[in-house]
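K.L.:
Annotated domain 'Acyl-CoA dehydrogenase/oxidase N-terminal' per TrEMBL: A:6-118, in sequence order. Annotation comment: TrEMBL describes A:132-211 as domain 'Acyl-CoA oxidase/dehydrogenase middle'. The domain 'Acyl-CoA dehydrogenase/oxidase C-terminal' annotation in TrEMBL covers A:220-357.
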Amino acid sequence: MNFDFSDDQKQLRDQARKFLAEKCPPKAVRVVLDGQAPYDRALWKGFAEMGFLGVAIPEEYGGAGAGHLELCVIAEEVGRALAPVPFSSTVYLAAEALMLAGSDAQKQAWLPKIASGEAIGTLALFEGTGNPSPKAIKVEAANGVLNGTKKPVADGAIADLIIVAARTGSTGRDSDISLFLVDAKAGGVEAKALTNLDPTRGQAELTFKNCKAEPLGAAGEGWSILTEVLDRAAVLTAFEQVGGSDRALEMGRDYALDRIAFGRPIGSFQAVKHMLADMYVSATLARSNSYYGAWALSTNAPELPEAAASARISATQAFQHCSKNNIQVHGGMGFTWEFDCHMYYRRANALALGLGSLSYWEDQLIDRMRKRNAA
Amino acid sequence: MNFDDTPQEAAFRSQARTWIAANAPKQYEDELRATSLGRVGLKNADILQVAKAWQKKKAEAGWACLHWPKEYGGRGSSPIERVIWQQEEGPFGKLSGMFIIGHGMCGPTMMAYASEEHKRQYLPPLASGEKVWCQLFSEPAGGSDVAGLRTRAEKRGEDWVINGQKIWTSGAHYSDYGILLTRTDPTVPKHKGLTMFFLDMKSPGVDIRPIKQASGHSDFNEVYFTDVVIPDSQRLGTVNDGWNVALTTLMNERMSIGAGVATGVPELFDFCSNLMLDDRPAIEDRNVRSRLASWAVRASGLKYTSIRAISALSKGERPGPENSIGKLVAGPMIQDVAAYALDLQGAAGVLSGPEAELAGKFQAMLLRAPGTRVEGGTDEIMRNIIAERVLGLPGDIRVDKDLPFNQVPTKGRN
């Protein structure tokens, strides 16, 4: 047994952290936050050059073929630095869906472009309020074309490749749903950028009007593929959340050591110490659950669905908890635009929603635990 | 990152499994499996005798105190082998409860400070369960502030004479020996005037009085010392260096980590699967699912945190203060889980006894949990440890730190 990342993986983490510290300081994040660019193009190019985009993509499709543990390590650093790039939508969602369900031709067409940073990808799943469910999908696919509207779609306005969940049946079963692949440049899709809670990552409304689409995976298999894509993305996102939690904790700790009140560093007051200790506890539990998810993801273990839901819930709670209390430790300063606290708070609350909210994942976890207990 | 046994670990596991299958007291298996926190005991047998018999069997076959050196009754196993043993021992591991303090704290302290002759004399019967040990640290005036203790040890010839009182001493009523922290110099600051000993609990002048707990059980005791004589050869460490010896003991408490800390979650999950609420299983209720999921991820988080710690240990790292997290998370959780299980039963949650087995089970947890949150350091002390020793925040202001102990105020209000 060895429940830790290897030395090589830790080295990759250090490398990614160093790169991001240099290329993605808070002021770079703020350029996107302030709306001066939809994402950090230079950083994205750097990601491609460093090999971060294709780390889990097999070599035959232009990637490094290293694996998902390596991707987890990078995701953690992306979360720590709040990197304002379409990493999660491209790598965790589009690339994973292609690797899971794509034909060889589809993989050949798109995975090398993703690995090289040439193509941004996303998954168009949601249609307004509510959690992932086959019944909520109204966008229709018939005769090779899509019609309907998706929102919100993460990075939808800048995506080149869109994976769309669409309705191909009306039996009321999961098998009504199929997945499609859309080349955004081929026409038939209209994108509108939407204002959102965390402007460092864009959200869009996509309207498909007789948009040409090719099937991804077998007809009627869409929902089961989607569930697996969401599980995989949940583990990877959990690492972003763990990275963000740790950084928020560090910011709070550093401030508590520097800031003097009543003649003492505020970090010497038990009320503040205990708040920071509780942040450490939630970040640690999330990290451990995420490691378990990483193991299940990298080995494709039957435990993956349960591990993914645990990692997702635990990391969502931790990042919300740490980013919220980081502001509290900072007091009034934490509430200002100038301090970086709100950027973590925004990201935490946006990440909490992107793959379906907590209630969706709680449902998933309980169902999966019941299934295991019944087995 | 993997959970697979190495060939060596797999061989150890299969050897352990075979031996346990052939030797464990199977007649108690179901009852032990159903035992949850706060309800240790067997209906038709004396649990101490059953535990001692199982421990003796293990010791004779070389399965006792796995991590101890062989010459003192152990096996010299790796941390991962300890975990494998725990996994294989399953519910029979609950029988080790009364030996935890002896094996986890007293034994290692003896190993660090006792003479070689004493180690060979006292450790093997401790490993085999023949002799039970307790730890005499806490006092009415020194709970979280352990160094504030007042039990005196005075030198008289080659002996020491002990007077004073200890409290919260787990298992003192069935213990044969104890390690005892005393004050030997009240004129210096509190941490500098302490000395550690070990003693025979049957010595004249030792008076053990069980404390009836909130649960109605008596697991702890008050222990009074009246002119108890301890030979100087039973001193552990040098005179007035007892605080450092105590720190060794407390450090070793952290070594007793395992992958199976009680959280109450499996019990709650079963309970919610079976309880009918508004004509359907409680587990189908949105609110129940949400609460259950939150606790379940805390429990799994703890489990994988301890597996990470064991991985680190097996690479030669020392267990650090971050291991305080286990008790800090599990203690309050058991309390909340138990209260929630009762809440789900409505007014009937208040009943116990033979007609209300389920409620009774969670009531026992509820009544034991406050103790879990206090023993070995309160939640607040655990948070201080994490804040100060893991996160590097300043220590609490301790106004008595440099004051001679006999000048430390003893009352808040006059």
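Keep in mind that glycine also has a Cβ here, set from the backbone N, Cα and C atoms.
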K.L.:
Work out, from DSSP, the number of helix, strand and coil residues along the domain 'Acyl-CoA dehydrogenase/oxidase C-terminal' (A:220-357).
P.N.:
116 helix, 4 strand, 18 coil
K.L.:
Looking only at the domain 'Acyl-CoA dehydrogenase/oxidase N-terminal' (A:6-118), what is the mean pLDDT?
P.N.:
98
K.L.:
Where DSSP helix means H, G or I and strand means E or B, what are the helix, strand and coil counts for the domain 'Acyl-CoA dehydrogenase/oxidase N-terminal' (A:6-118)?
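P.N.:
Secondary-structure composition of the domain 'Acyl-CoA dehydrogenase/oxidase N-terminal' (A:6-118): 80 helix, 0 strand, 33 coil.
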